[in-house]
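Reviewing the structure listed below.
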Amino acid sequence: MTAPTAIRRLNAADPDFARHLDHLLSWESVSDDSVNQRVLDIIKAVRERGDAALVEFTQRFDGLQVASMADLILPRERLELALTRITVAQREALEKAAARVRSYHEKQKQDSWTYTEADGTVLGQKVTPLDRAGLYVPGGKASYPSSVLMNAIPAKVAGVTEVVMVVPTPRGEVNELVLAAACIAGVDRVFTIGGAQAVAALAYGTESVPQVDKVVGPGNIYVATAKRHVFGQVGIDMIAGPSEILVVCDGQTDPDWIAMDLFSQAEHDEDAQAILVSPDAEFLDKVAASIAKLLPTMERAEIINTSINGRGALIKVRDMQQAIEVANRIAPEHLELSVADPQAWLPQIRHAGAIFMGRHTSEALGDYCAGPNHVLPTSGTARFSSPLGVYDFQKRSSIIFCSEQGASELGRTASVLARGESLTAHARSAEYRIVDDQDQGQ
């Protein structure tokens, strides 16, 4: 039986509000020394023994009896088969979501550019896709096909040559929706491996698993810890914390809607965070009543209750202006502006992973099919981070072409600066290309 909900109530007018808010927002991962050491041992084993280590760890952690890596490779035909094993409605939903995600991300694609100066010097930027990206997908029955779309499609739009997906199949459990999503998203290769060992295989390569340039995708604490350790060998997307939603409401939205929006993140796990901010105290009471009324109807009521009681809050503010200030202080992963005129407040929002505008725009639409990416910065990192996008799978190279005149002119400036830093070879390298004015063009 679910315990009664006792969501925290805060008031921004209280003198110790800032301290209470900081305590509410604090979260530390549970990657302790033992987890860290186990991950390091796994990475070392994969680097040294390659496929053999992957087979051993898969047998140990996923409960599978496999003879070799050949048993852990899914051919393209298996992905296509998955499309026939899901319902027509599921396939249509995946295809519609994929089309919207693709359309949105195509607008993010950056192109190379150059400009030419008067003396013929050309400066610019060359935009190049990564050669190969690795996508980690959690396995088992609780896996998420939407994450496959959100991670793989931006990579393909960017022009990544090969997208390699790893997905564990604990006790042989294969999620057909995940494989169907991989087929629709254009994933090139799939290995049924998971955990820190899969991250290590992507980062360093084995006899069967190709080395990638970047590893993206969510996972448990072992996956997150492994991503930390391989960063530098490869790029990573981010180290994601628990899911978050912050709803700013003027008090005019149906309180049942708001309660369910809070549940939509709280149901992810016990550490997820759901916060409502409003200047209307009576409305906060109504939402609290809706939470109590609706919670018993939820399939994941225990998880929601633990999340709401442990990390949730209803925050009373002076007015909408202060609500926006609190939102910027929190820098949430998901921010709902459930107000009459969200466009009026949008310019003041500085820190948020995704902003959901208006009463009808539930966060769930963004999770699945609106188009923008649902891989978003958490734990306040929206202050300096962005959603996953096409730009995460592109890199930029500077282009510099100097004409004779340009090299001569720039050489004088470079010489002065280089000698000021006592780097004589730098200076002389530039000076060799300086020509007298009367010599230019001869």
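Backbone N, Cα and C define each Cβ position, glycine as well.
Database features, via Swiss-Prot:
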ACT_SITE  Glu333  active site, proton acceptor
ACT_SITE  His334  active site, proton acceptor
BINDING   Tyr136, Gln197, Asn220  NAD(+) binding site
BINDING   Ser243, Gln265, His268, His334, Asp367, Glu421, His426  substrate binding site
BINDING   Gln265, His268, Asp367, His426  Zn(2+) binding site
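Sequence features, as recorded in Swiss-Prot, placed on the structure.
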{"residue": "Tyr136", "record": "NAD(+) binding site", "Cβ neighbours (10 Å)": "29"}
{"residue": "Gln197", "record": "NAD(+) binding site", "Cβ neighbours (10 Å)": "29"}
{"residue": "Ser243", "record": "substrate binding site", "Cβ neighbours (10 Å)": "24"}
{"residue": "Gln265", "record": "substrate binding site", "Cβ neighbours (10 Å)": "27"}
{"residue": "His268", "record": "substrate binding site", "Cβ neighbours (10 Å)": "18"}
{"residue": "Glu333", "record": "active site, proton acceptor", "Cβ neighbours (10 Å)": "29"}
{"residue": "His334", "record": "active site, proton acceptor", "Cβ neighbours (10 Å)": "26"}
{"residue": "Asp367", "record": "substrate binding site", "Cβ neighbours (10 Å)": "20"}
{"residue": "Glu421", "record": "substrate binding site", "Cβ neighbours (10 Å)": "9"}
{"residue": "His426", "record": "substrate binding site", "Cβ neighbours (10 Å)": "15"}
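Proximity to Ser243 (substrate binding site), defined by a C-alpha to C-alpha distance within 10 angstroms, is shown by none of the binding-site residues Tyr136, Gln197, Asn220.
Taking Cα separation as the measure, Asn220 (NAD(+) binding site) is nearest to His268 of the recorded positions Gln265, His268, Glu333, His334, His426. His334 (active site, proton acceptor) sits 31 Å from Gln197 (NAD(+) binding site), counting Cα to Cα. Pairwise Cα distances among Ser243, Gln265, His268, His334, Asp367, Glu421, His426, which the record gives as the binders of substrate, peak at 56 Å.
Ranking the recorded positions Tyr136, Gln197, Glu333 by Cα distance from His268 (substrate binding site) puts Glu333 first. Looking only at Cα atoms, Gln265 (substrate binding site) sits nearest to Glu333 among the recorded positions Tyr136, Gln197, Glu333. There are 12 other Cβ atoms within 10 Å of the Cβ belonging to Asn220 (NAD(+) binding site). Listed in sequence order, the residues Pro138, Val166, Pro168, Gly194, Gly195, Ala196, Ala198, Val199, Gly219, Tyr222, Val223, Ala226 complete the 8 Å Cβ shell around the NAD(+) site centroid, once Tyr136, Gln197, Asn220 themselves are left out. Ranked by CA distance from Glu333 (active site, proton acceptor), the binding-site residues Tyr136, Gln197, Asp367, Glu421 have Asp367 at the top as the closest.
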